[in-house]
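One structure is given here, and the rest of the page talks about it.
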Amino acid sequence: MLKELFISFFKIGLFTFGGGYAMLPLIEKELVEKRRWITQEELMEMFIVSQMTPGTIAINASTFIGSKKAGKLGGFVASLGIIFPSLIIITLIYNFLGESFDNPVIHSIFLGIRACIIGLIASSTLKICRKSFISGMSYIIFIIAFILLLIFDISPILLILLGALLGAVTTFFLPSRIKSILEVK
Amino acid sequence: MAYFITLLKLFTMYFKIGLFNFGGGLASIPLLQNELEKNGFMGYDEFFNVLSISQMTPGAIAMNTATFVGNKAAGIGGAVVATFALALPSIIVILILAKVLQRLEKNIYKRAIFFVLKSLTTALILYAGYMIARATWILQNKVEIKTIIISILMFGIAYKKKINPVILIISSGVLGYLGLYIL
């Protein structure tokens, strides 16, 4: 189990370009569809927790899944798996290429990869909306949040704090309404 | 001795960054840059170079810069220390939190809060895509139609077919090389 955890996360780390959020499609494929270690629902929960807590999303997410699968040691091993590719690749680059990396060939390859990541992220977002949004309210909150980010440049931390507050306050004042939304599923 | 002091400094600095870095990736840059300058590891211009390498190579951005800075300050030992120091706070916090959340499984407040946060997280994921798009579809103030075509193509394949994203990432690298360098 530990070996499988390490290999899976090593693979995910190796192909995560452009930050933690870009891991989502890879985790979906490797851990939800192929290995069936977690459900789509758990994947979302894991991303939510990874965002609220300090640290890079990639390491948070790995620790979370690893610990769910194989306890504390599993969490540790999964994080090692995700860290290793960075450690190896960057160390090689530093020692062989130095600090200037202005190679037009690498640049063009990287642009292609980034363009792909955009498509993957868009596809994942659409899949999440269709699979795990349980009420119309989910869509309304999603759209408002996206507008706040896009136009008002709200900080992600503030957004999450406001969201948590909204959830808590509505539960306090309208518990039956909240229950009816949550029971739909 | 000086070597160990450098390692200790690297460890302390990256542990701190790991602990106070909320929201992931690009959100941590101001803190990172400030700490690097304060500790005399790297100036602004150099940091900018390292940042662009970190974005180009696989792995989380903060992790990549840690490996880079560590290498520069104290060789491979420094790289290992910096990278692990960055990861350590995450590992500790998440391990504790995973236990707490398991206990709250049925709690109505937890469920309501997560209901809202699910939508917010989805919006943040899409926003991350938008931020990458801004730096990929528009290059030097000009719309780069070729990258837009790759994005749309890969979106269509990823959404319709159950294909491994790794294959799409590799093919897009090839497409980028053919379309943007050869042509």
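Using N, Cα and C of the backbone, Cβ positions are placed for all residues, glycine too.
According to TrEMBL, the feature transmembrane segment maps to A:6-27, A:73-94, A:106-126, A:133-151, A:157-175.
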Original post:
Are there residues at least 6 beyond the ends of the transmembrane segment (A:106-126) whose Cβ is under 8 Å from a Cβ of it, and what are they?
Top reply: 17-18, 21-22, 24-25, 28
Original post:
Restricting to the same chain and to residues at least six past its boundaries, which positions have a Cβ under 8 Å from a Cβ of the transmembrane segment (A:73-94)?
Top reply: 1-2, 5-10, 12-14, 16, 58-59, 62-67, 101
